[in-house]
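S.K.: Take this structure first; my questions come after.
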Amino acid sequence: ITRPEMEIGRYHWMYRSSRPHQYHHVPALRGNISPLGIQGCFECCIKCLGGVPYASLVATILCFSGVALFCGCGHVALTGTVSILEQHFSTTVSDHALLSEVIQLMQYVIYGIASFFFLYGIILLAEGFYTTSAVKELHGEFKTTACGRCISGMFVFLTYVLGVAWLGVFGFSAVPVFMFYNIWSTCEVIKSLQTNVTVPGEQICVDIRQYGIIPWTAVPGKACGPILENICNTNEFYMSYHLFIVACAGAGATVIALIHFLMILSSNWAYLKDASKMQAYQDIKAKEEQELQDIQSRSKEQLNSYT
């Protein structure tokens, strides 16, 4: 037995594709698939829907909703808070000048937060589409690159930092809710004591200066009895109180959305890492198959030369 014959025998033993062709029964075509293999409208729609990253889409909608509630309601509530302070707790402009500047700065920050998260949510959604395509077409011509994997890792780190920051924003947004709740509960106590003569409502007061938002030299700085009750009945107080509650809920929804994004991005990064390993394996396998085909062709040429 010559060496070319040994090579051909080993190739036939390792690969079934070199064995004689076996015919199999081909089932009849059904559905909207034409005999030429062209897919119908239903199959194309199913394929398109299968490539949609639904988890990223839900997280994006939740993130947009939470940021919109926080920014919109927070902006209007801050404006109402300044109006309440100027009218009832600090009649001197110099006493609340610093607070007004801080609130104005926070409103500009709200504009920046809304713009940033609008762009960031779209980028994360696009990254979800990219990763879904990479996983769906892993065995096709789609190739994941090292740059794509690095970008996915960067998004994981950035989303983690933003999630921690929004936890602080969520805690900070609960402070005005606590303050307005104390004022509202005090007004309810005054209403309940109107029938009790022994405890006059004028002795029940709310001092805003104790929260540190205005200095102790501010005049009047506090509201008591019927004056406080009238403040609670104003439209500014009612709107600001409820808008701060909605803004706090929006901040909580944003935190949940960022945690959701963090889980999605971590999973996508792991998928891309596995896809890169699978690509390396397929490249090595294709190279080995090509080498075996070259050996077979050379063996056939040697056999022909011998014969």
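Here the Cβ of each residue, glycine as well, is placed from N, Cα and C on the backbone.
It should be emphasised that the depicted structure is a prediction, and the values quoted were computed from it without experimental measurement.
Pasting the feature list from TrEMBL:
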COILED    278-305  coiled coil
TRANSMEM  57-85  transmembrane segment
TRANSMEM  105-130  transmembrane segment
TRANSMEM  151-175  transmembrane segment
TRANSMEM  243-265  transmembrane segment
S.K.: Taking a Cβ cut-off under 8 Å, which residues six or more beyond the ends of the transmembrane segment (151-175) line up next to it in the same chain?
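M.R.: Same-chain residues near the transmembrane segment (151-175) but 6 or more away: 70, 74, 120, 123-124, 127, 131, 244, 247-248, 251-252, 254-255, 258-259, 261-262, 265-266, 268-269, 272.
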S.K.: When you scan the chain for residues with a C-beta under 8 Å from the transmembrane segment (243-265), skipping those not six or more beyond its ends, what do you find?
M.R.: 53, 55-56, 58-60, 62-63, 65-71, 73-74, 76-77, 80, 117, 124, 127-128, 152, 155-156, 159-160, 162-163, 166-167, 169-170, 173-174, 176-177, 180
